[in-house]
Amino acid sequence: MTVVGSINADIALRVAAHPLPGETVIGKSIAVHPGGKGANQAVAAARLGAHVAFVGAVGEDGYAEVATSGLREAGVDVTGIARVPGPTGQAFVTVDERTGENSIVVIPGANARVDSALIGTQSDLLRKSAVLVLQGEVPSEAATAAAAATRARLVLNLAPVIPLERQLILRADPLVVNEHEGRLALEVLGRAAEGLRTEESVLEALLEEGVRSVVITLGAAGAVFSEGDSVVRIPAPRVEPVDTTGAGDAFVGALSASLAGGASLSEAVAFAVRVGSYAVCRPGAQPSYPWRGDPLPERTA
């Protein structure tokens, strides 16, 4: 499988509580970890045993090494990562130590330089891939070019939601979003989301627009999905969250790895929910992801 996406250095700050507008708070600790939605998803998949290649860009600065360290440690093929002028992408993450919830500000840096020309240099790699994973942290032209270069199954995590061609979104199998992103995705497809009060109604509306399959993540509540027939809800195991940073990326990486291994969408979603639950129990994004064989949380009645 191939992931085309963002690479960041995450500067993580733990605080007693998120500051209010105009408020200054004293941080508890600071750490720098590898991150970026694309890199996170690639690392999550590789740690679980998938063969993963990555296409993206880092800058000519000191953050490039730390930003790619998790990919190399997990055994991801990084030959598709370009070095471009300017800074590496950075994410400033504030984590509430009471709840594990985070607030994030992302500086795209080199990720904004991932374009159709860069994608074109990796056409052979993309053509041979069985699964292609895309997100919204690189320019839409890169996502469009990557999808056009391969007939692979497309896992599209439309986060953040960016304007993409309708046919690209409809090709997703699955489209992975949270409820808020699902509503925005409907708007990109030209359909109003007003009056859709539940995640099931958002999911069904996306299917009606022609998306092949849809997964909506629900955080601590698990996920719902459908391939066009019934809507299935997969509850998450009960855990005590430490840090939710990158948990959604752990979910997408696990889902993609499972699909690449031949699992059904139902099996892949159930597995991904457990991996996401594992990730929130540990600090950081990539450092919190399980390796193949690590015991995962079990769902309790």
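Placed from the backbone N, Cα and C atoms, the Cβ positions cover glycine too.
For 3-291, the entry in TrEMBL reads domain 'Carbohydrate kinase PfkB'. The substrate binding site annotation in TrEMBL covers Asn8, Ala9, Asp10, Gly36, Lys37, Gly38, Ala39, Asn40, Glu137, Asp249. TrEMBL lists Asn178, Thr217, Leu218, Gly219, Ala220, Ala221, Gly222, Gly248, Asp249 with the feature ATP binding site. The K(+) binding site annotation in TrEMBL covers Asp243, Thr245, Ala279, Arg282, Gly284, Ser288. The active site, proton acceptor annotation in TrEMBL covers Asp249.
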(request) Starting from Asp249 (ATP binding site), work out which of the binding-site residues listed here (Asn8, Asp10, Lys37, Ala39, Glu137, Gly284) have their Cα within 10 Å, and give them in sequence order. (result) Lys37, Ala39
(message) Cα-Cα, whole number of Å: Asn178 (ATP binding site) versus Ser288 (K(+) binding site)?
(response) 21
(request) Have a look around Thr245 (K(+) binding site) and count the other CB atoms within 10 A of its CB, chains all included. (result) 30
(request) Within 10 Å of each Cβ, count the other Cβ atoms and name the one among the binding-site residues Lys37, Arg282 with the highest count. (result) Lys37
(request) Quick one: of the binding-site residues Asn8, Asp10, Ala39, Gly222, which has its CA closest to the CA of Thr245 (K(+) binding site)? (result) Asp10
(message) Return the count of C-beta atoms lying within 10 angstroms of the C-beta of Ala39 (substrate binding site), excluding that atom itself.
(response) 36
(request) Output, ordered by sequence, the same-chain residues six or more apart from Gly284 (K(+) binding site) with a CB under 8 Å from its CB, or 'none'. (result) Asp10, Ala12, Ala31, His33, Asp243, Thr245, Gly246
(message) When DSSP is mapped onto helix/strand/coil, what comes out for Asp249 (ATP binding site)?
(response) helix
(message) Within a 10 Å radius around the Cβ, which one of these binding-site residues has the most neighbouring Cβ atoms: Asn8, Asn178?
(response) Asn8
